[in-house]
Structures are given as C-alpha cells and as structure tokens.
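A short write-up of the structure that comes next.
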Amino acid sequence: MSQVFEGYERQYCELSANLSRKCTSAAILDGEQKKQKVSEIKAGLDDAEALIRKMDLEARSLQPSVKAMLLAKLREYKTDLNNLKSEVKRITSANANQAARDELLESGMADTMMVSADQRGRLLMSTERVNQSSDRIKESRKMMLETEELGVSILQDLHQQRQSLLHANNTLHGVDDNIGKSKKILTAMSRRMSKNKWIIGSVIAVLVLAIILILYFKLAH
C-alpha cells in the first residue's frame with residue numbers, strides 16, 4: 001500500500017474522531033459558544049474534504065490491484081464525512097429550546113453516533129483486510145522477484161556451459177586438424193622410406209654384381 005495514502009488516512013481518522021467529539025459538545029451549547037464551535041467544525045470538515053481528495057488522487061495513481069482496494073476504503077471515508085456533515089446540519093438547525101436540544105441529544109445524536117461508531121468499526125475491518133491483501137501482494141511480488149533472479153541465474157549458467165561446449169568443440173576440431181596433418185606427414189615419410197629402401201637395395205645389388213664381375217675376371221685370368 002502507498003505510504004502517502006496511509007499518511008493521509010491516519011490524518012483523516014484523527015480529524016474525523018476530533019470532529020465527532022466537537023459535534024457532541026456543540027450539541028449541548030448555545031449562543032456564541034455554539035457558533036464558534038460550529039465554525040471550528042466546518043473548518044475541520046473542509047480539511048477532511050481536502051484529505052479525501054488527496055487520498056482519491058493518490059489511489060488513482062497506483063496499480064489497478066491496489067487502486068480498487070483503496071477506492072473501496074475511500075468510499076467508506078466519504079460516507080463517514082457525509083454523516084459528519086449531517087450532524088452539523090442538525091446542530092445548526094436545532095431549536096434553541098433546551099428540551100429540544102436534550103431530545104436531539106438523546107435520540108437523533110445518539111443514533112447517529114451509534115451509526116458512526118458502527119461505520120468506523122467497519123472501516124477498521126476494511127482497513128485490516130486491505131492491509132492483509134497488501135501484505136499478500138508484497139509477498140507475491142517478493143516470490144516473483146526471487147523466481148526471476150533464479151531464472152536469470154540458471155540462464156547465465158546455461159550460457160557459460162554453452163560457451164564451454166563451444167570451446168571444447170573448437171579444441172576437438174583443432175586436434176582433428178593436427179591428427180590429419182600428422183597422418184599426411186607420416187604417409188609422406190613412409191613413402192620416402194620405401195623409396196629409399198628401393199634405392200639402397202638397387203645400389204647394394206649393383207655393388208654385389210660389380211664385385212662378382214671383378215672376382216670372375218680375376219679368377220679367369
């Protein structure tokens with residue numbers, strides 16, 4: 001959840017509770033004291049409306065999943081603000097008669113405060129549910145990030161293994177080339193040795209033949 005929204009939310013809840021107390025005290029006042037108290041309440045209502053607008057803007061700037069939850073919570077706060085406005089209207093339009101004020105305090109105001117307390121209880125429950133949902137979303141995001149990091153690590157390992165295989169393949173090709181060259185050299189050497197054997201054999205045969213001829217002619221004479 002947005003920290004900015006939570007800050008506005010805390011300010012509104014504190015202001016709403018303060019205005020509710022002022023409405024209760026204003027209902028039993030009269031004359032200038034009542035006018036002053038009502039004036040303070042109206043100024044507080046303006047501040048509350050400003051906070052509602054700020055929360056609305058902040059909620060609409062967030063992601064859809066969080067935005068929907070915050071707007072639902074915001075509707076509860078708007079209802080609470082409307083109830084406070086209704087209380088102020090009843091206070092300002094009340095008859096100056098003490099009995100009427102007492103009756104208003106015992107019936108209408110009591111019922112309104114009960115409704116407000118019930119709504120605030122629902123607001124707190126809604127806030128708790130939204131916070132729990134926000135925690136689950138944060139946990140899901142954390143798991144997604146960890147999974148993404150694991151995937152990146154695996155891809156890097158696979159890339160390194162691929163590079164190693166390519167290097168080994170290139171090394172094998174180099175060995176094959178060297179073996180081929182060695183085979184050619186050995187073949188050439190074998191041919192030269194065979195050729196040299198024939199030459200040496202021919203030379204030996206000529207020498208033997210020459211020796212035999214020499215011996216023959218010496219023995220014949």
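The backbone N, Cα and C atoms fix where each Cβ goes, and this holds for glycine too.
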Where TrEMBL places coiled coil among the ranges 32-66, 67-101: 67-101
Segment-level pLDDT (mean, integer) for the domain 'Vesicle transport v-SNARE N-terminal' (1-91): 91
